[in-house]
Amino acid sequence: MEISASMQKAFSTAEETGGEYCKVGDHEEPIMSDDGPLANDLHLLKLERCRWWLLVVVNIFFLVAGQASAVLLGRFYYDQGGNSKWLSTLVQTAAFPILFIPLFLIPSSQEASASSSTPSFKILASVYLFLGVLIAGDNWLYSTGLLYLSASTYSLICASQLAFNAVFSFYLNSQRFTALILNSVVVLSLSAALIAVNDDSDGLSGVSKGKYILGFVCTLGASAIYSLLLSLMQLSFQKVLKKETFSVVLEMQIYTALVATCVSVLGLFASGEWKTLHEEMQSFGQGRASYVLTVVFTAVCWQICSVGVVGLIFIVSSLFSNVISTVGLAVTPIASVIVFHDKMNGVKVIAMLLALWGFASYIYQNYLDDSKARRMQGAGDETRNDSVC
C-alpha cells in the first residue's frame, strides 16, 4: 500500500515531535504527542477563550462607563435649564460618525465573511430602517419619562427592563434560564429598586397628574421596547447577518443610529423645539460654552455605551447585555458621589453590593457554561484520537 503525501507529512511531524505510532491496516500512523499539532490547537483554543473574555470585559467597560457618564451629563443638562425632549433624543445617537474610525481600523475576517452568505441590500436596509426607527422612538420615550418623573420613579420603572427582556429572550432567542441567571435578574432588579426608593421625592414640582401618568407610561413602554430591541438585534445577528466579525457590530450601530438620528432631527423641527434652542443656550446655568460641551460629550458617551450594548449582544446575549445595563444603574450613584459629591448612605452601599452579587452570579454561570463546553470538546478530541488508533 502506498503512503500518501499527507501521511508522509504526518510521519515527519511525529518524528520531529517525538510522537508514537499505532497500527492501522498495513501501515502505521502517528499518534500526536502533547507537544505536537494537537497541543498547538489546544494552545490556539486557549488564546481564543482569552480573547473572548477580553472582548467581554472591554464591552462591559464601554457600556457601564458610557451609560454612567451620559446619565450624569443628562442630569446636568436638565439641572442647568435644558428642556428639549427631542434634543435629548438626538444626542443619544448623533455621534455615530465617530464609529467609522474603529470600523476602518479593525480589519474584517475574510474567512468568516466567506463562510456565510451575505444578505441582500433590500433585507439589510429593511432591518436597519426598522431598528433605527424603533431606537428613535425608544429614546424619545425615555426622554419624555425623565422629564415628567422623579429620579426614583424613573429608575424603578427602568429596572423592569430585565423582566421584559426575560420574556423576549425566551421566545425570540431561546435563552436558557438557570437558577444562577434567575438569581442575577432578581438581585439586580432589587438593587435598582433600592436606589429608586432611596430618593425621598415622590414627584417633580409643577408636574400635573396627567403628565405624571404620561411619564410613567412612556418610561414603562421605553423599558419594554429597549428589551425588545436587544432581542431583535441578537436575532438579526443570528438569522440575517450571520457574520462572526466585530465590524458587523459597528455596522449595525452606525446604520441604525443614522436612521434614528434622521428621525430625531425630523422630530426636532416638526415639534418646533429647534426655535427654543438658542434661548435655551443663552440661559444655560453654566454658560453657552458649557451648554455646547454638555451636548457634545453626552452624545459621545451615549455612543460609547451603545457600542458596549451591541457588542455584548453579539458576543454573549441580549440578556447579558441587559444585566450589565442594570449594573450601570447601581454604578451611576457612585459616579455621582465622585462628580457631584452626593452623600453615600447605607442604602446605596447595599444596592452596590447587590449589583455586584447579581453580576457575579451571571459571570459564574458563563464560567460554568464555558467549562462544560471545554469538557465536551476535550471528550470529542479524545474520541477522535481513539478512533484513529
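Cβ from N, Cα, C; glycine included.
Remember, TrEMBL labels are computer predictions, not curated facts.
Feature list (source: TrEMBL):
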TRANSMEM  52-78  transmembrane segment
TRANSMEM  90-109  transmembrane segment
TRANSMEM  121-142  transmembrane segment
TRANSMEM  154-172  transmembrane segment
TRANSMEM  179-197  transmembrane segment
TRANSMEM  212-233  transmembrane segment
TRANSMEM  254-271  transmembrane segment
TRANSMEM  291-316  transmembrane segment
TRANSMEM  323-341  transmembrane segment
TRANSMEM  347-367  transmembrane segment
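Here the transmembrane segment (90-109) does not lie next to the transmembrane segment (212-233) in space: the count of CB pairs under 8 Å, restricted to residues six or more apart, is fewer than 3. The stretch with the most CB contacts under 8 Å to the transmembrane segment (121-142), chosen from 52-78, 154-172, 212-233, 254-271, 291-316, is 254-271. Counting only same-chain residues 6+ beyond the ends of the transmembrane segment (52-78), those with a CB under 8 A from a CB of the stretch are 88, 92, 146-147, 151, 246, 294-295, 297-298, 301-309, 311-312, 315-316, 321, 324-325, 327-328, 331-332, 335-336, 339-340.
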